[in-house]
Amino acid sequence: MREAQEVQLHIMGITNQCSTAAPPQTRSYRRWIRISIYTVFLLVGQTVALLLGRLYFVKGGNSKWMATLVQLAGFPVLIPFYLISTTKKPRTDDSQIKSPSIKTLALVYVSIGLLVAADCFLYSVGLQYLPVSTYTLICASQLAFNSLFSFFLNAQKFTPFIINSLVLLTISSILLVFNNESSDGTAGVSRAKYAIGFTCTVAASAGYGLVLSLTQLCFNKVMKRQTFKVVVDMIIYQQIVATSVIVVGLFASGDWKGLTGEMDGFEMGKVSYVMNLVGTAISWQAFAIGCVGLIFDVSSLFSNAISVLGLPIAPVVAVFVFNDKMGGVKAISMVLAIWGFISYAYHHYLEDRTKKRYADEVSKAPMPET
C-alpha cells in the first residue's frame with residue numbers, strides 16, 4: 001500500500017512538472033520523434049557496419065585487431081555533436097542535480113570501455129569465421145542476456161511475454177549449433193574455426209547485454225541528467241578507453257606490420273580498402289548514437305530489442321551480396337528470433353498502456369483535502 005502511495009505521489013509530481021513546462025502531448029510527440037531518429041540510426045548503422053565488416057574479411061582483410069579498431073575509432077565524428085550539446089543551457093531540473101565526481105565518472109567510463117573493447121574483439125572473431133546470416137542470428141541471443149542482467153542490475157520484471165521471448169531467442173541460437181554450413185560464405189574455414197567463431201559470438205552477445213544493462217544503471221544511478229550531452233559523453237569517453245586498449249593490442253600482437261601488405265592485397269583495391277574501414281567506422285558510430293540514445297530515452301532492453309529487430313535485415317542482404325545460403329535451419333531460427341522480438345515488443349506495448357492509464361486516473365483523481 002505504501003509503495004502504491006509513493007508511486008501515486010511520484011506520478012502526481014511528474015504531472016505537475018509537465019503542466020508548468022510543456023503540454024504532455026508536446027512532450028510525448030518530441031520524445032517519439034527522438035526515439036524514431038535513434039531507431040533509424042541504430043538499424044541503418046548496424047546493417048551497414050555488419051556487411052562492410054564481413055566484406056573486409058571476404059576480400060582479403062585478416063586482422064582481427066583492425067576489424068575491432070574500426071568499430072571504436074570513429075568517435076571523433078561525434079565531436080561536432082558534442083560541441084553543439086555543450087552550448088545549450090541545461091534545463092532547470094537538470095541544473096539542480098548534483099554532478100558525479102570526476103573519480104566516479106572515470107571509473108564508469110574506464111570499466112565500461114574495457115568491457116566494450118573485449119566485446120568488440122569477440123565480435124570481430126565471430127564475424128571472421130561465420131557467415132553473416134549465422135552470425136546475426138546468434139546475436140539475437142543478446143536480448144536474452146540483456147534481460148537476465150537487467151533483472152539483477154535494473155530490477156527488470158519478468159512477465160510471461162518476456163519469458164516467452166527469452167525462450168524463443170535461446171532456441172533460435174541453439175538451433176544454429178546443429179547447422180552444418182561452416183563453408184557457407186566462409187571458404188577455407190574449418191569446423192574448429194567455425195566453433196571458435198560461434199563461441200566468441202555467443203560470449204560477445206552476453207558481454208553486449210551486460211554493457212547495455214550497466215549503461216542503463218549508470219544513467220539512472222550516476223548521471224541522473226536528461227541531456228544529449230550525457231549520451232555523447234558516455235559514447236566518446238568509453239570509446240576513447242576501448243580504442244586505446246585495441247591500439248595497444250594491435251601493436252603488441254604485431255598485426256600492424258602486415259597492414260600495408262593487407263591493403264596491397266585487398267581484392268577491391270587500396271582505395272576500396274580505406275573506404276571500407278572508414279565506412280565501417282562511421283556506421284558503428286551511427287549505431288552507437290542510436291543504441292545509447294534509446295537506452296537513455298527508454299531502456300536498455302528496448303534498445304536491444306530494436307537491435308534484434310534489425311538483425312534479420314543483414315542475413316537477407318547477405319544472401320545477395322555474399323551468396324550466403326538460407327537453409328531450413330536458418331529460416332526457422334530467423335522466424336523464432338522475430339517471434340521472440342514481437343513477444344517482447346508486445347510486452348512493452350502493454351506496459352506502456354498500463355502506465356498511461358494509471359497516470360490518467362491519478363491526474364483525474366480529486367486532490368485530498370488538507
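Each Cβ is built from the backbone N, Cα and C atoms, and glycine gets one as well.
Here's what TrEMBL has on this protein:
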TRANSMEM  35-53  transmembrane segment
TRANSMEM  65-84  transmembrane segment
TRANSMEM  105-126  transmembrane segment
TRANSMEM  132-154  transmembrane segment
TRANSMEM  161-179  transmembrane segment
TRANSMEM  194-219  transmembrane segment
TRANSMEM  231-253  transmembrane segment
TRANSMEM  273-296  transmembrane segment
TRANSMEM  301-322  transmembrane segment
TRANSMEM  328-347  transmembrane segment
**Prompt:** Can you find at least 3 Cβ pairs under 8 Å between the transmembrane segment (328-347) and the transmembrane segment (273-296), where each pair is 6 or more residues apart in sequence?
**Reply:** no
**Prompt:** Which listed stretch (105-126, 132-154, 231-253) has the most C-beta pairs under 8 A with the transmembrane segment (301-322)?
**Reply:** 132-154
**Prompt:** Can we call the transmembrane segment (35-53) and the transmembrane segment (231-253) in contact, meaning three or more C-beta pairs below 8 angstroms at a sequence separation of 6+?
**Reply:** no
**Message:** So, taking each listed stretch (65-84, 132-154, 194-219, 273-296) in turn and counting its Cβ pairs to the transmembrane segment (231-253) that are under 8 angstroms, which one gives the highest count?
**Reply:** 65-84
**Asked** Under a Cβ pair cut-off of under 8 Å, which of the recorded stretches 65-84, 132-154, 194-219 contacts the transmembrane segment (273-296) most often?
**Response** 65-84
